[in-house]
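Peer 1: Dropping the structure in here first, questions after.
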Amino acid sequence: MMAYLLKGVSILGAAPTDLYINDGVISAPVPDAEVIDAAGLVALPGLVDVHTHLREPGREDAETVETGSRAAALGGYTAVCAMANTSPVADTAGVVEQVWRLGREAGLVDVQPIGAVTVGLAGKQMAELGAMASSAADVRIFSDDGFCVADPKLMRRALEYVKAFDGVIAQHAEEPRLTEGAQMHEGEVSTRLGLTGWPAVAEEAIIARDVLLAEHVGSRLHVCHVSTAGSVEVLRQAKARGVRVTAEVTPHHLLLTDERAEGYDPVFKVNPPLRTRSDVEALRQALLDGVIDVVATDHAPHAVQDKECEWSYARPGMLGLETALPIVLSVFGPKWDLIADRMSIAPARIAGLDGHGGDLTKAGTPANLTLVDPSVQRVVDPAELASISRNTPYAGMTLPGRIVATFLRGEATVLDGKAVK
Ligand SMILES: NC(=O)N[C@@H](CC(=O)O)C(=O)O
């Protein structure tokens, strides 16, 4: 295994130093290390995404575990949690083990499968959570993402069940009766465009219910892709009461608003939908305050025929892995401690991924890290993305920050901005 010296690197924006990587960990100086001139580069603990759609098995025309892993490494990630809405659904030990094994074979990031809460994501019968937890994939997060676990009794039982092994239920908060036929955020823009609205209350009502259930049961709840100011207030109150709840926000909900729907370009169709400027402001503040714990990409690749069609027929979802850090940098600037916490340390903790989100100043820390050049501005070109799919809402935008290198347990997965394999 190659040893590296990151010469003159700035760890989280601190004064330049020399950082050695040897034998898979941050090490004391070693001779004959491969020198990387890291002057002007910032080292962050490798990013961790608690919400990625990899589409394998079933929709390998949109993404595979390997292509999604490569996109992740190029985006500075060293671990991603793969959502369960594949085909077949990841609702058995067999499927989660398959995804986990494909991740190991690709070897670009740690792929940690998420198991479905209910059989087939149908919301009727609990899946074999215990079998998935005790499988080789060691599943800790369970989610029906794409669908809400709408039945309160089933949600309660799932929360109770995962308590035994400190698992967490990650809820896609959407009261389905309130979003029937919904195409975009319900508000002034939807009225003008004549598209059926997805009201904020459909998200907020479920989060309110679920924090009460989690409190009642004493179990862990994670809220996926929080998108409204009202949801932030519900979470703020729940956290103040000591409820064991964590929450994520996506880069797109931190940047884009529902006005993007005005051109009827389905690249801006996403679930939950883009909201208003005041929601965006509240989400930014909540991430700063820690009411929202993490940035998660909700990387949702879709094949051309599923996206480049009439708005109402298009699938919801946007790519995210390769642009997440530049978007967060463009919104918050070089707040490296914040970025490291919300994009690596806290997500690693939520997902139980020991070895990720470690302290890069300490010898012995697993060498999961990424090197960023914050001085470079880049234009997003969909043709250059490693994802199979092309549904990025940021095409043509100039964003700050270039991922120069990523290391997974001391092995380079990205060097000079290019994937190593
Ligand atoms: N976030 C999205 O817009 N899409 C997700 C699932 C979903 O949450 O609808 C997908 O799997 O494509």
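Each residue, glycine too, has its Cβ placed from N, Cα and C.
The active site annotation in TrEMBL covers Asp298. What TrEMBL lists as Zn(2+) 1 binding site is His51, His53, Asp145, Asp298. The substrate binding site annotation in TrEMBL covers His53, Leu54, Arg55, Asn85, Asn271, His302, Pro316, Gly317. Marked as Zn(2+) 2 binding site by TrEMBL: Asp145, His172, His225. Feature annotation from TrEMBL assigns domain 'Dihydroorotase catalytic' to 42-229.
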Peer 1: Roughly how many angstrom lie between the C-alpha atoms of Arg55 (substrate binding site) and Asp298 (active site)?
Peer 2: 12
Peer 1: Does any of His51, His53, Asn85, Asp298, Pro316 have a Cβ within less than 6 Å of an atom of ligand 1? These are the recorded positions; tell me which, or none.
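Peer 2: His53, Asn85, Asp298, Pro316, in sequence order.
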Peer 1: Going by DSSP, is Gly317 (substrate binding site) sitting in a helix, a strand, or coil?
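Peer 2: DSSP assigns Gly317 (substrate binding site) to coil.
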Peer 1: How many Å lie between the Cα of Gly317 (substrate binding site) and the Cα of Asp298 (active site)?
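Peer 2: Spelling it out, the Cα of Gly317 (substrate binding site) and the Cα of Asp298 (active site) are 8 Å apart.
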Peer 1: Restricting the comparison to the binding-site residues His51, His53, Asp145, His172, His225, which residue's C-alpha is spatially nearest the C-alpha of His302 (substrate binding site)?
Peer 2: His53
Peer 1: Asp145, Asp298: which of these recorded positions has the highest Cβ count within 10 Å of its own Cβ?
Peer 2: Asp298
Peer 1: To the nearest Å, how far is the Cα of Asn85 (substrate binding site) from the Cα of Asp145 (Zn(2+) 1 binding site)?
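Peer 2: For Asn85 (substrate binding site) versus Asp145 (Zn(2+) 1 binding site), the Cα atoms are 7 Å apart.
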